[in-house]
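So that you can see what the record holds, here are the features copied from TrEMBL:
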ACT_SITE  Asp250  active site, proton acceptor
BINDING   Asn11, Gln12, Asp13, Gly39, Lys40, Gly41, Ala42, Asn43, Glu136, Asp250  substrate binding site
BINDING   Asn180, Thr217, Leu218, Gly219, Ala220, Asp221, Gly222, Gly249, Asp250  ATP binding site
BINDING   Asp244, Thr246, Val280, Arg283, Gly285  K(+) binding site
DOMAIN    1-288  domain 'Carbohydrate kinase PfkB'
Amino acid sequence: MPKVLVLGAINQDEVARVSRHPLPGETVVATGVATSPGGKGANQAAAAAASGVEVQLIGAVGDDRAGSHQLEALSQAGVDVSMVRRVMETATGRAFICVSDAGENSIVVMLGANAFVSPATLHGAATPDVVVGQTEVGAVPVEALGGFAAECGARLVINNAPVVPLSPRLLAAADPLIVNRHEAADMLRPDDAATADELDLVARLRRSTGARSVIVTLGADGCVIADAADVRRLPAVEADEVVDTTGAGDAFVGVLAASLARGRSLDASAIEASTAASAVVARHGARAVPGTMALTD
Ligand code: ATP
């Protein structure tokens, strides 16, 4: 069976539903709260596993109840967590998420055990077809992941979210580099980012990073793909309703990686990823797994 290795953060999400996001200095009353499994690495791994490939996750949780809960939720989602490190006397990472009635989110993350994800953990991982890394755990483990991918001949998917400086070598090996429109602008010099044309923005990002391919996701506007052939737009799959966009990007990355591991083309994989992401925005939480508490009204 095709294999995907994901390296990244595992969090407990604390979600507050609000009519609108608070401004600095302001308090807004929540209309509902929920606790659910999250973290970019965990969400992407769960999304990849749901699309029927073998998935191993490299990450770290604390020795608290939240850590046990995250491991259980991941195992139930079909993710191999045997390489997830349990860090003693450390709290599991947490994300404090506000979701507005418009379905938009803002997020504050506490790293906790995620700060202990180390390159050494990679030794002993099963040889994958595709490796995926995002930068919520910092640049160092993701740089090591690039070396590991090169050693075992795996395709490298890099999601530079949140944006951190990455080496030219790692960026050049990304196939694809995936970021959203804000992250794309952050990765470019201000002069290069100052273009109103999204196709041009993505072409500039590919040129400046040297990545083999680049995908910039644009929320409800779909995504733009750039590779050696050209730069092209792919529309989003219309969602039944927009309830909560949290995790749409992670579902996109996870399902794209799974599809690439099955040998499908970048465009076919992006279509599959868009379909999965559209389903995520139509429901609460970053992913649909047992252990998600319903919002309390
Ligand atoms: P998040 O941080 O909210 O998980 P993101 O900012 O990383 O997401 P987006 O660009 O918002 O990523 O969305 C990723 C993909 O999800 C889009 O390319 C699109 O395919 C899908 N998507 C997002 N929002 C919508 C929407 N409102 N309707 C349909 N599809 C959507």
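Placed from the backbone N, Cα and C atoms, the Cβ positions cover glycine too.
Note that this is a predicted model, so its numbers are computed, not measured.
Taking the features listed in TrEMBL, we show where each one sits on the structure.
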| residue | record | DSSP (3 states) |
| --- | --- | --- |
| Asn11 | substrate binding site | strand |
| Ala42 | substrate binding site | helix |
| Glu136 | substrate binding site | helix |
| Asn180 | ATP binding site | strand |
| Leu218 | ATP binding site | coil |
| Thr246 | K(+) binding site | coil |
| Arg283 | K(+) binding site | coil |
(message) Let's check the environment of Gly222 (ATP binding site): how many other CB atoms sit within 10 Å of its CB?
(response) 19
(message) I'm checking region-level scores; what's the whole-number mean pLDDT for the domain 'Carbohydrate kinase PfkB' (1-288)?
(response) 94
(request) Among the binding-site residues Asn180, Ala220, Gly285, name every one whose Cβ is found under 6 angstroms from ligand 1, counting any of its atoms. (result) Asn180, Ala220
(message) Using a 10 Å cut-off on CB atoms, tell me which of the binding-site residues Leu218, Val280 is the least crowded.
(response) Leu218
(message) Quiz question: given the binding-site residues Lys40, Arg283, which has the greatest number of C-beta atoms lying within 10 angstroms of its own C-beta?
(response) Lys40
(request) Consider the recorded positions Ala220, Asp244, Asp250 and say which one has the Cα lying nearest the Cα of Lys40 (substrate binding site). (result) Asp250
(request) May I ask for the distance between Asn11 (substrate binding site) and Gly285 (K(+) binding site), taken between their Cα atoms and rounded to an integer number of Å? (result) 13
(message) Between Asn180 (ATP binding site) and the residue listed as 'active site, proton acceptor', how many Å separate their Cα atoms?
(response) 11
(message) I'd like to know which of these binding-site residues, Asn180, Thr246, is least surrounded, judged by other CB atoms within 10 A.
(response) Asn180
(message) Cα-Cα, whole number of Å: Asp244 (K(+) binding site) versus Gly222 (ATP binding site)?
(response) 16
(request) Check the recorded positions Asp13, Asp250 for other C-beta atoms within 10 angstroms of each C-beta and report the one with the most. (result) Asp250
(request) Based on Cα distances to Glu136 (substrate binding site), point out the closest of the recorded positions Leu218, Ala220, Asp250, Val280, Gly285. (result) Asp250
(request) Can you grab the distance from Ala220 (ATP binding site) over to the residue listed as 'active site, proton acceptor'? Cα atoms, rounded to a whole Å. (result) 15
